[in-house]
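S.K.: Next up is a structure, given as structure tokens.
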Amino acid sequence: MVLLIGACWLVAAAVGSLPVMGWNCISDLRDCSTVLPLYSKRYVLFVVTIFTLILLAIVGLYGRIYCIVRSSHADIASAQTLALLKTVTIVLGAFIVCWLPAFVILLLDASCPLRSCRVLYRANYFFAFATLNSAANPVIYTLRSKEMRR
């Protein structure tokens, strides 16, 4: 577990340091992102792709866990375990709903020629909606858990 957590931090640090190491658009301003200036559009596309692959893996793992708990171990799984699993699934769904518009904006940013997509100048609204996910989690846990409501 410690090695897995360490690997996650190492990958995050490596991906986050790529612009400092030279993968930026300082030498080619036509390659600059509209939403995230100074970042290369190719870097933005790379990061969105990495995050999407990680999110798909998480969704796949939660789906697999949910299926296993519901089917083969349903007789030993308590109602509390199933409720917790449903809560985590709702939290993951809320994450996807809140962050999907921001991911779409970043994909659009990577594919649109410079200054041709006007919606990119309103990207702050999409990222504001994404940050609502942080406010949604306590609400979800409170609505789903009797202990949290107390």
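From the backbone N, Cα and C atoms, a Cβ is placed for every residue, glycine too.
According to TrEMBL, the protein carries these features:
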type: SIGNAL; residues: 1-16; note: signal peptide
type: DOMAIN; residues: 1-141; note: domain 'G-protein coupled receptors family 1 profile'
type: DISULFID; residues: Cys25-Cys32; note: disulfide bond
type: TRANSMEM; residues: 42-62; note: transmembrane segment
type: TRANSMEM; residues: 83-105; note: transmembrane segment
type: DISULFID; residues: Cys112-Cys117; note: disulfide bond
type: TRANSMEM; residues: 125-143; note: transmembrane segment
S.K.: Just the number: how many Å between the Cα atoms of Cys112 (disulfide bond) and Cys32 (disulfide bond)?
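M.R.: Given the Cα positions, Cys112 (disulfide bond) is 11 Å from Cys32 (disulfide bond).
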S.K.: Within the same chain, where does the transmembrane segment (42-62) have neighbours whose Cβ lies under 8 angstroms from its own Cβ atoms, ignoring anything closer than 6 residues to its ends? I mean 6 or more beyond.
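M.R.: Sequence-remote neighbours of the transmembrane segment (42-62) are 15, 18-19, 23-24, 31, 33, 35-36, 88-89, 92, 96, 103, 106-107, 109-110.
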S.K.: Across all chains shown, how many C-beta atoms besides its own are within 10 angstroms of the C-beta of Cys112 (disulfide bond)?
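M.R.: Its Cβ has 17 other Cβ atoms within 10 Å.
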S.K.: To the nearest Å, how far is the Cα of Cys117 (disulfide bond) from the Cα of Cys25 (disulfide bond)?
M.R.: 19
S.K.: To what whole number does the mean pLDDT across the domain 'G-protein coupled receptors family 1 profile' (1-141) round?
M.R.: 86
S.K.: Sort out for me which one of Cys25, Cys117 has the most neighbouring CB atoms within 10 A, since those are the disulfide-bonded residues we care about.
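M.R.: The residue with the densest Cβ neighbourhood is Cys25.
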S.K.: Can you count the other CB atoms that lie within 10 A of the CB of Cys32 (disulfide bond)?
M.R.: 19
